[in-house]
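What Swiss-Prot says about this one:
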DOMAIN    10-61  domain 'LIM zinc-binding 1'
CROSSLNK  K91  SUMO2 cross-link
MOD_RES   K112  N6-acetyllysine
DOMAIN    119-170  domain 'LIM zinc-binding 2'
MOD_RES   K131  N6-acetyllysine
MOD_RES   K137  N6-acetyllysine
MOD_RES   K137  N6-succinyllysine
MOD_RES   K161  N6-acetyllysine
Amino acid sequence: MPVWGGGNKCGACGRTVYHAEEVQCDGRSFHRCCFLCMVCRKNLDSTTVAIHDEEIYCKSCYGKKYGPKGYGYGQGAGTLNMDRGERLGIKPESAQPHRPTTNPNTSKFAQKYGGAEKCSRCGDSVYAAEKIIGAGKPWHKNCFRCAKCGKSLESTTLTEKEGEIYCKGCYAKNFGPKGFGYGQGAGALVHAQ
């Protein structure tokens with residue numbers, strides 16, 4: 001005889017999950033509204049979930065919490081760690097003394113909370129939520145593109161020349177070595193006698 005009113009228990013809140021609101025993951029059931037990252041509380045789906053010891057995370061938080069750590073294992077811009085590679089025999093650079101800069105913005109708010117830096121491409125103010133640092137300078141996310149082809153860049157995929165940023169392909173075409181045997185790939189080399 002069937003048990004009426006029963007259902008699986010939610011893996012997050014422990015209450016009964018009915019079929020219309022059920023999300024299944026790793027053999028467990030969740031309410032749609034409970035299927036959230038344990039750290040940032042972002043909504044998850046089958047393409048964004050990562051599981052560790054029966055806890056669910058978005059891929060970004062999972063990588064920060066359980067991913068590889070140490071020299072050479074960055075998870076992209078903004079998640080750099082402080083391992084300087086001393087165990088590998090790499091000698092750390094001596095720390096440079098802090099030199100305060102003069103902020104030309106004289107508003108009391110800007111002096112107290114920091115004025116907005118200027119984007120290296122368009123010259124407009126760049127605020128923290130939209131700022132990317134590349135080649136040591138601030139950029140808007142939309143301005144952080146190759147100066148030649150307009151391709152969107154990441155801090156690890158850019159090259160810089162004379163204050164401008166380029167994708168590796170455009171940099172090689174425009175500023176790389178020139179002459180016989182360069183720039184066409186190994187299949188285009190010709191042996192002339």
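Placed from the backbone N, Cα and C atoms, the Cβ positions cover glycine too.
Not measured: the values here are computed from a predicted model.
In this structure, the C-alpha atom of K161 (N6-acetyllysine) lies 20 angstrom from that of K131 (N6-acetyllysine). Residues near K137 (N6-acetyllysine) in space but far in sequence (CB under 8 A, at least 6 apart, same chain), listed by position: S120, G163.
Cβ contacts within 10 Å of K161 (N6-acetyllysine), excluding its own Cβ and spanning all protein chains shown: 12.
In sequence order, E117, P138, W139, H140 are the residues of the chain that are 6 or more apart from K131 (N6-acetyllysine) and have a CB within less than 8 Å of its CB.
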